[in-house]
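Asks: OK, TrEMBL features for this one:
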TRANSMEM  23-44  transmembrane segment
TRANSMEM  56-78  transmembrane segment
TRANSMEM  99-117  transmembrane segment
TRANSMEM  123-143  transmembrane segment
TRANSMEM  264-283  transmembrane segment
TRANSMEM  304-323  transmembrane segment
TRANSMEM  335-356  transmembrane segment
TRANSMEM  368-389  transmembrane segment
TRANSMEM  447-467  transmembrane segment
Amino acid sequence: MSCATHTVFPRTLEAMPRFFRHISASALQFGLNQALGVLLFFALSRGLSKDVFGELNWSLAVCLTGYTLLGMGLDALVVKRIASGDDPGALLSIYRAHVGWVGVGAYAGVLMLWFLFPGFFKPHLFLPGIALAKTLLFWALPYKQLAAGKERFGILMRMSIVSTVVKTAAILVCWATGNWSVPLLTGIFIAGDAAEWGVSWYLGRGLYTATATQRLSWVALVRESLPQAGVVLFSSALSRFDWIFIGIFVSAARLAEYSFAYKAFEVASLPLLALAPLLVPLFTRWVREMTSDRAEVLHRLLRAELVMAWGTVLWLNLAWVPVVDPLTGGMYGSVNVRTIFLLSLCLPVTYLNNYLWTIHFAHGRLGWILKAFAVGFVLNVVGDVLLIPRFGNEGAAVAFLGAIFVQTLLYHKGIEEVSVPEAWGTQVLCALCVGGAMVGTAWLTGWARLCAASLLYLVGLVLTGRIRPRDFFYLRLRFV
């Protein structure tokens, strides 16, 4: 490599060392949260019957969807404006007032409905308590978004892990003692989310000054976030509408099975969850002055994400039955083979979807993001209505895959930073490598097949140029 190359890249990639340092904190946060969340989810799935477990997940889906909608997209807007240099104190003051009053009003509405329609709440015993827990967690959001916008990911990790730690510890005690009463479980969820709210407030105090240096209005922020609010509306429905629909129109037991597979899909997305909060502030800074060198970094980052996503598809499907059936006593393994296969195909599309969304968001193209989400939402709802009654959980997975796929295609419009042939060419080549690895090892079983398939996948990536030795040299030279 020439001397010129050594002198150009460090100057043009000045933000990248900080970016990669933040990956460790973000990955640790999501890794711990997901690990404890999986343990919590697993303990509940083993300790509760499918009907009770499905009912708990239905209440969680309703409450999380509701409060995401009530956030009106201000969470992402606050992160973006803080990363752009706006006054954190002024933004926090408005956002804190928003979540405070909205949370009080929402929970008052739940209590009123509980009083007026007791028959509806009789089978949904978890709903009032879970609604209170998620109200408290909603109040913690301003401090978390403040930490994310200031790129204080170590503090964000401590804020975000409290509830999961408290709930996991308490649920493990319940599992050991066999005490699974609804009031006790509800109290555990309330205590965990209350603790996270308190810790977030305590840690967030040092991230801003009480005296605002910038005058902002709630109305102006809400008006600015309206396109993002529409995105939140459609994305929330897209991610949990199938849960709610299955719980109401199929059965709680079938929802328990689907939620278990979907949780595995979410855990498999852990690398994306670790990267996502880092990409928003990074892309926000870079799109103002995109250079060819920065574009090359983004290109290689996308290719690495897709290679990782397709590898996860391979490992998730081959390890599913050998791992899940013994762990769950046959409750959630074999019954979910087709569902997890369909959901796993969403992973590579979701990686590309998030990447393109981040570029649009950094450019401020919220209107186009809203249109893409609206199309995805409509397709998902129509697909759920048509497919779930006939095909059950597999129908929900197909509807979700189709909606995400079409939405991702729409995101390509207006983006110069990502080549459509290159992005989808990588998708196709990685898919062929995965398919070849699975077919080529069909004569093996268990862990032997997983290891052999992983090796074949790696060989296929090298032969197709998806993994290149110079990429490793490139990363080592600049980021290690």
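Each Cβ is built from the backbone N, Cα and C atoms, and glycine gets one as well.
A TrEMBL annotation is a machine prediction, not a hand-curated record.
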Asks: Given the transmembrane segment (447-467), which of the listed stretches 99-117, 123-143, 304-323, 335-356, 368-389 has the most Cβ pairs that are under 8 Å apart from it?
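Replies: Going through each listed stretch, the top one turns out to be 304-323.
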Asks: Grab the same-chain neighbours of the transmembrane segment (99-117) for me: Cβ-Cβ under 8 Å, and only residues 6 or more beyond its ends, written as numbers and ranges.
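Replies: Long-range Cβ neighbours of the transmembrane segment (99-117): 66-67, 70-71, 127-128, 131-132, 135, 138-139, 141-142.
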Asks: Count the Cβ pairs between the transmembrane segment (264-283) and the transmembrane segment (304-323) that lie under 8 angstroms and are 6 or more residues apart in sequence, then report whether there are at least 3.
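Replies: Yes, these stretches are in contact.
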